[in-house]
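Novice: Not my notes, these are from TrEMBL:
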- 23-43: transmembrane segment (TRANSMEM)
- 49-67: transmembrane segment (TRANSMEM)
- 74-91: transmembrane segment (TRANSMEM)
- 97-116: transmembrane segment (TRANSMEM)
- 123-140: transmembrane segment (TRANSMEM)
- 152-172: transmembrane segment (TRANSMEM)
- 369-388: transmembrane segment (TRANSMEM)
- 394-412: transmembrane segment (TRANSMEM)
- 419-441: transmembrane segment (TRANSMEM)
- 447-465: transmembrane segment (TRANSMEM)
- 470-487: transmembrane segment (TRANSMEM)
- 493-516: transmembrane segment (TRANSMEM)
């Protein structure tokens, strides 16, 4: 029952389907590029190369992805061109001020782009930055023609965007809606299998870890596909609320499963007798979830097995047992809701969920955005200083390439490595471009022969673009090849000009590599640490917030960070696995903090003060103002006061379970939460109230 993807499809058939899909994408992209180039040539635009290049840059396998970003890209192109015209008009005779203004503009645009991340506006902001450089440096030698240059560049770029959008939507469109349906189906199945593994105590097995990674990776993919599918699949718009409720259930389920896994592991270690008593109930629940059918009487048995308050006071181990059973009840409820929502979505029905449909709030990393913006601005200033100092006519081309490469590589963990790969592939593209310019093009006549000759190289390379493994290598090669070839109605065959353009390409990209090494010597570890610190900051903010704070926002931020961590953490590295487990445990801690905040109003002032002190200690710790035994002592004191409180049993139980859950999660993931190793939970009999 383990396999869940591609049921009934043989590996050979699946490979052939993928090959046909990639071939269709390559042919469509090449066709869009050739259409844009043909129109640009017919209009006698000065640089049809930009139309062809833009078509390749903006093309995506999914029609919705192209549509979602096209409007933002066109807006960014116009904004960048307008800024270039403004800067040239103001500083035509003062290149230093022109460069300073352009550096500020590029830095600001890249800051916004990195901050927005993968939202459509991100691409528009990035394009606004490097379009200003493209237009500005092209017109700096002839400032009186800057408006004509801007109009030509905007027309060429918009031609590429328009042709790519048209072809992706009309010719064999692969809709985001179709991919979204498949992703939702796989996500629900992965959730079901992971839940069954956790309840059986095999949540750390390789297959279970694969299910977990699949689910977490798909969660944010679903949100991206949802935005794209609204544009290319009409029925998705009507199901938007259903889909957002489904996402929320998946988010909730993942955090619940981590809670069960941690507590069950502690029971197995410290009180195997209590774990053995729960085994039949957990096994039956796992079988019911895996089969997708309820087991008669399961909920009744679960309710009967829940320890009462007297048992919680008498035996601290029963608190762990209570948490496992309470979370199991939540799993059954959530899985039932998830099945109903998924069934409705896959049938094309709009099924309302409970309450308003939640949205996924993405985190914003201002530090990373500021670092990327500063690097791009300083890199542009450095290369421009060389251009101004030497008076080299192609220095502006090198400066333009610095801006483009710094913009494209800004979000990478190791941008210097990405830029170095770009440099190597650009070096490969230079002799190929020379072969085209001085051997192929002089021997052909007409656009048809031009298209065939380019297709012999671009179509095979385009096959690799949809492959995430090869795309980072193929796109620089394609971009450099098209840029150096320089399609024009009246080609310039001067070899000196070709060598200067090629040298400017190498110099610009090479400068990007050097400046990335000097200005941003940070790698994956820095990015991972940024996300871990971000989770702690969100927990600190949750502790300080009123009880009515939107917990869904905290959960969304955390899952967004988890999704970013998944792509950077090795599945077989134990330290990386601990980071991922800790980030998931943070979700349950946040949920329990919210429970405590909401329950305080039901208790006497003394108890409220003790519990409030526990939450305040958590807030100080997560904010970096305190750590260690004092935090755990405050939580233990709050738990003891709760157990001794003269209050309704349900209220006391809620508070005790929440505080115990927080302490257990902190101890189980002490390293993640910056606690000393001795903070790991002691055996239950040692922490009696």
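In case you wondered, yes, glycine gets a Cβ from its N, Cα and C as well.
I'd like to know what surrounds each of these features in this structure.
Specialist: Beyond the ends of the transmembrane segment (49-67), by six or more residues, the same chain brings 21, 25, 28-29, 32-37, 39-40, 73, 134, 153, 156-157, 159-161, 163-165, 168-169, 173-177, 179, 225, 227-233, 458, 462, 465-466, 475, 478-479, 482-483, 485-488 to within a C-beta distance below 8 angstroms of the stretch.
Within the chain carrying the transmembrane segment (97-116), a Cβ under 8 angstroms from the stretch's Cβ atoms is held by residues 76, 80, 83-84, 87-88, 90-91, 122-123, 125-126, 128-130, 132-133, 136, 140, 364-366, 368-370, 372-374, 376-378, 380-381, 384-385, 388, 399, 403, 406-407, 410-411, all 6 or more beyond its ends.
Beyond the transmembrane segment (152-172), the same-chain residues lying 6 or more positions past its ends with a Cβ under 8 Å from any Cβ of the stretch are 24, 28-29, 31-33, 35-36, 39-40, 43, 45-60, 62-63, 66-67, 70, 73-74, 77-78, 81, 131, 134-135, 138, 232.
Sequence-distant neighbours of the transmembrane segment (369-388) (same chain, 6+ residues past either end, Cβ-Cβ under 8 Å): 95-96, 99-100, 102-104, 106-108, 110-112, 114-115, 129, 133, 395-396, 398-399, 402-403, 406-407, 410-411, 415, 507-508, 511-512, 515-516, 519-520, 522.
Counting same-chain residues at least six beyond the ends of the transmembrane segment (419-441), those with a Cβ under 8 angstroms from any Cβ of the stretch are 405, 408-409, 450, 453-454, 457, 472-473, 476-477, 480-481, 484-486, 491, 493, 495, 498, 502, 505-506, 509-510, 512-513, 516.
A Cβ distance under 8 Å defines the sequence-distant neighbours of the transmembrane segment (470-487), meaning residues of its chain 6+ beyond its ends; these are 37, 40-41, 47-49, 52-53, 56-57, 418, 421-422, 425-426, 428-430, 432-433, 436-437, 450, 457-458, 461-462, 464, 498, 501-502, 505.
For the transmembrane segment (493-516), the list of distant contacts is 375, 378-379, 382-383, 393-395, 397-402, 405-406, 409, 415-416, 419-420, 422-423, 426-427, 430, 433-434, 437-438, 442, 480, 483-484, 486: same-chain residues at least six beyond its ends, Cβ to Cβ under 8 Å.
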Novice: With an 8 Å cut-off on Cβ pairs and a sequence gap of 6 or more, do the transmembrane segment (447-465) and the transmembrane segment (74-91) reach 3 or more such pairs?
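Specialist: Result for the transmembrane segment (447-465) with the transmembrane segment (74-91) is no.
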Novice: With Cβ-Cβ distances below 8 Å as the criterion, list the same-chain residues six or more beyond the ends of the transmembrane segment (23-43) that contact it, or say none.
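Specialist: Tertiary neighbours of the transmembrane segment (23-43) are 49-56, 59, 61, 155-156, 159-160, 162-164, 166-168, 171-172, 174, 447, 451, 454-455, 458-463, 465-466, 487, 489.
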